[in-house]
Amino acid sequence: MFLLLLLIPLIGIGFVTIEGNYGLSLINNIRIKSIALTTSIINLVVSLIMFILFDFSSKQFQFIEEHYQISYFDIYLGVDGLSIYFILLTTIIMPIAILCNWNSIQSKNVLSFVVIMLLLETLLLAVFLVLDVLLFYIFFESILPPLFLLIGLFGSSNKVRASFYLFLYTLLGSLFMLLSIVAMSSIMGTTDFDALSKSNFNYVTQLFLFYGIFIAFAVKTPVSFLNTWLLKAHVESPLSGSIILAGIVLKLSLYGIFRLILPLLPKASLNYTYIIYVIGVITIIYASFSTLRTIDIKELIAYSSVSHAAVYSIGAFSNTIQGIEGSIALGLAHGFVSSGLFICAGGILYDRSSTRLITYYRGMAQVMPIFSVLFFILSLGNSGTPLTLNFIGEFMSLYGVFERMPLLGVLASTSIVFSAAYTIFMYNRIVFGGSYSIYFVENIGDVTRREFIMLLVFVVLTVLFGIYPAPILDGLHYSVSSLIYSIN
């Protein structure tokens, strides 16, 4: 059944390619974008149907499909109570990522843009669907070429430099994971998730495998001092690229922790938790101080993403139900809120004023009241305010860390103070901050219907699951309990 999720975007690529052969007139471009948007919405509907049919009382993989491809190599697809939420996150964000650049892509580049977007959706979903370590690595790395092209073709002035930073940093970091996977395969004779989870690597072997995989995920998260590629990619990327990076790509390492590190290398992950916590706390403090000093809106949101990613990453290593469930909830919440904030910064403010400097804006509440309300709710989420999903995820993640190592838990909790400080500064300076300029009255209008729909989706999801998180937390319970049992 989950094969549909991979085939639908590929079928959409076929349709838009056929439509592109008729020329790139204005009407054809609208049709091409409409086909791509419809395709991604159909994929969202399919994922929702599968979510409804999913049995959350089972800890096993479901809807398993086997497809024989080449000699002695089978491709297994399946989903469990952890991956289903990442699949939903992907299918929710992708239609909005296509919609957010609806008017900004030049006519001659429309076909290339939608093909890259649909291909990215297929590859991202494949990461969450495959049940094989080697295939996980292949699809984990295969998203780099489309992202490279997305930033390199449609980014801003320094797009080529940013795309090369993205490609080289993540590719070199992932080579260590490849070495670990090859070692696993040579020792066990298989790369199947289920078979490897039943293996019992000795401690020294686990240690070397752990470091190889962790380095790859540390670059992808990214941790402090390895985040240069992310900042450049966010700042230079088109809006859709920023949304995909913050909303989905940064969650690949979180998912990889639950698939590769915790169940396959339990001794190493338990014994070296303190190192991960120290790195996480340093990342939180470093990213937070960097956020407090920047005046670039996209850069502020990017640094904020690094800080929140560090929180849900250390929560994942807490070895507690609360910490692991909280890390996934915070990962989902961050996907919604950061995507919404990037739309506010790069899709609304920048499109109208052509600047990302916070000091340029003031008094937006007077000329953009609807935008100000939606921006306010997303800012509350980013600062971890109660009644938002971010609060639940952050509180549970930090609770898990505190249960494991109280001192580092206290230091990690400074993220709450820092996130409130820089988010309040950003919102207050843009929305209030004195009288508005006459330029805003003449050139800036409130959100359009398209922009309102995009922001409303993220606002509703953030608040709805913040008030009623049971569909997420209850659904995760069996899978998380099973994961902790396998670790211990």
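Glycine too: its Cβ is placed from the backbone N, Cα and C atoms.
Copied from Swiss-Prot, the annotated features are:
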type     : residues : note
TRANSMEM : 1-21     : transmembrane segment
TRANSMEM : 34-54    : transmembrane segment
TRANSMEM : 79-99    : transmembrane segment
TRANSMEM : 110-130  : transmembrane segment
TRANSMEM : 134-154  : transmembrane segment
TRANSMEM : 164-184  : transmembrane segment
TRANSMEM : 207-227  : transmembrane segment
TRANSMEM : 301-321  : transmembrane segment
TRANSMEM : 328-348  : transmembrane segment
TRANSMEM : 367-387  : transmembrane segment
TRANSMEM : 407-427  : transmembrane segment
TRANSMEM : 452-472  : transmembrane segment
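In this chain, the transmembrane segment (452-472) lies out of contact with the transmembrane segment (34-54); the count of Cβ pairs under 8 Å, excluding pairs fewer than 6 apart in sequence, is fewer than 3.
Here the transmembrane segment (164-184) has long-range neighbours at 133-134, 137, 140-141, 144, 147-148, 151, 191, 196, 205, 208-209, 211-213, 215-220, 222, 226, 228-229, 232-233, 260, 264, meaning same-chain residues at least 6 beyond its ends whose C-beta is under 8 angstroms from one of its own.
In summary, the transmembrane segment (452-472) lies against the transmembrane segment (79-99): three or more C-beta pairs, each 6 or more positions apart in sequence, are under 8 Å. Outside the transmembrane segment (1-21), and at least 6 residues removed from its termini, the chain residues within Cβ reach (under 8 Å) are 28, 31-32, 35-36, 38-40, 42-43, 46-47, 50, 63, 65, 67, 77-79, 87, 91, 111, 114-115, 118-119, 121-122, 125-126, 129.
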